[in-house]
Amino acid sequence: MKFENILEEVGGFGPFQIGIVVLLCVPRIVLPCHFLLNNFIAASPPHRCDVGTLAAGGGRLFGNLTGEQRLTVGLPLREDGAPKSCEMFAEPQFQLLANGSAGADLPTVPCRSGWVYDNSTFATTLTTEWDLVCDRKSLVQTTNSIFFLGVMIGAVTFGFLCDKYGRKKTLLASYVISGACGFASAFANSYVAFTALRFITGFGLTGISINAVVLGIEWVDTRHRSCIGVIGGLSWSVGNMLLAGLAFMVNDWRALIMIVTAPLGFAVLTWWWVPESARWLLAHGKVDNAQFYLDQCAKFNKRQKVASKFKLETLSDIEKPDKSYTYLDLVKTPKMRRLTLLTGIVWFGVAATYYGISLNIGGFGLNIYLTHFIYAAVEVPAKLLIYVFLNLVGRRKCQAGTLLLTGTCIVANIFIPQGRHRLF
């Protein structure tokens with residue numbers, strides 16, 4: 001007997017499965033809030049050099065100038081008339097008060113005593129906290145790269161752990177790791193400490209992503225797997241929209257991190273009601289535990305009479321895997337090598353496209369909060385349509401069609417005239 005046969009008898013999609021989806025929705029909503037968090041906590045507001053050090057070279061005359069005049073004699077201008085962000089004059093150029101030129105030919109030096117930031121949009125960010133501008137601006141993206149490095153290593157690690165120790169225990173470990181390190185990163189007092197904590201947070205969040213998907217899929221019948229997948233995708237979209245709203249209301253980076261991490265505390269409390277995968281329990285010979293959860297499933301789905309015939313002897317006869325599989329099995333046979341290669345290429349293309357756009361929302365030159373919200377909201381009807389098309393045309397055609405549509409739109413964007421891109 002196969003596990004699918006028993007799952008059909010106890011209810012392959014009912015209140016029990018819906019309860020699992022609800023319990024896992026909160027932690028899945030947290031995922032985009034951390035994956036795309038850098039759009040807000042690492043934003044680089046307009047900035048200029050602090051010209052206060054020029055007072056020593058300008059004496060009393062510099063001290064008598066207004067704030068605007070100090071900027072005129074202390075900072076060179078860009079072509080658009082705004083002060084340059086990373087340069088200042090070596091000495092006060094008082095003659096600029098008379099001729100009003102930009103001082104393009106005058107000698108400049110890098111900012112000597114820090115920067116002054118425009119706090120009208122963001123009260124504090126990583127950039128303003130540790131002056132990640134000018135020759136240090138690459139460190140802003142480094143934090144994101146390190147976070148996703150943790151995500152990558154977490155994917156390999158938790159994929160192994162959830163097969164060895166079970167989905168439920170690994171899920172709890174993911175909650176604790178990502179929650180504890182997420183909160184700790186909000187109190188980091190150095191750039192190095194922050195990036196290290198973000199690495200571990202990304203590592204832990206991957207466990208939530210993997211286990212939430214696996215638990216959802218293994219408790220539903222084949223007919224409803226696409227439905228579970230779409231619901232998981234909608235949870236991501238909801239979390240992404242919430243991130244835009246939370247970032248708008250909380251413009252301090254430390255407070256924002258704590259707020260988007262807080263739901264993991266609630267997830268730890270609800271973890272006690274998350275069932276272990278009966279499929280995994282049976283595959284590892286834990287028949288008693290599997291029967292307990294199957295009985296619970298039958299009870300919630302009102303199938304007690306049908307499920308009562310599945311006793312320990314019956315469950316012990318469930319078809320089990322012939323052996324334990326490892327990552328090497330993905331490349332052992334020609335068919336698996338081909339499938340692994342093709343799905344890897346698809347995932348790389350999808351991830352590079354999605355995150356390449358999502359993590360550069362500020363590059364649109366529009367209101368970052370509204371742009372982020374719209375970009376997240378447009379996913380909702382798209383995912384609902386995908387659910388319809390999955391059942392109408394199948395997985396392969398749906399996958400190919402969406403990839404072609406995405407590629408066509410990106411290529412078309414190249415030919416949009418400069419200056420008109422904001423209209424599209």
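Cβ atoms are placed via backbone N, Cα and C, with glycine included.
TrEMBL does not curate its annotations; it predicts them automatically.
Matching 6-23, 276-293, 402-419 against TrEMBL, the residues noted as transmembrane segment span 402-419.
Beyond the transmembrane segment (227-249), the same-chain residues lying 6 or more positions past its ends with a Cβ under 8 Å from any Cβ of the stretch are 13, 17, 21, 24-25, 28-33, 36-37, 39-40, 212-213, 216-217, 220, 256, 259-260, 369-370, 372-373, 375-377, 379-380, 383-384, 386-387, 390. Stretch with the most C-beta contacts under 8 angstroms to the transmembrane segment (255-274), considering only 145-162, 174-194, 200-220, 339-357, 402-419: 174-194. Take the transmembrane segment (200-220) and the stretches 174-194, 339-357, 369-390, 402-419: counting Cβ pairs under 8 Å, 174-194 has the most. Remote same-chain residues near the transmembrane segment (402-419) are listed as 346, 349-350, 353, 386 (criterion: CB distance under 8 Å, separation of at least six residues from the stretch ends).
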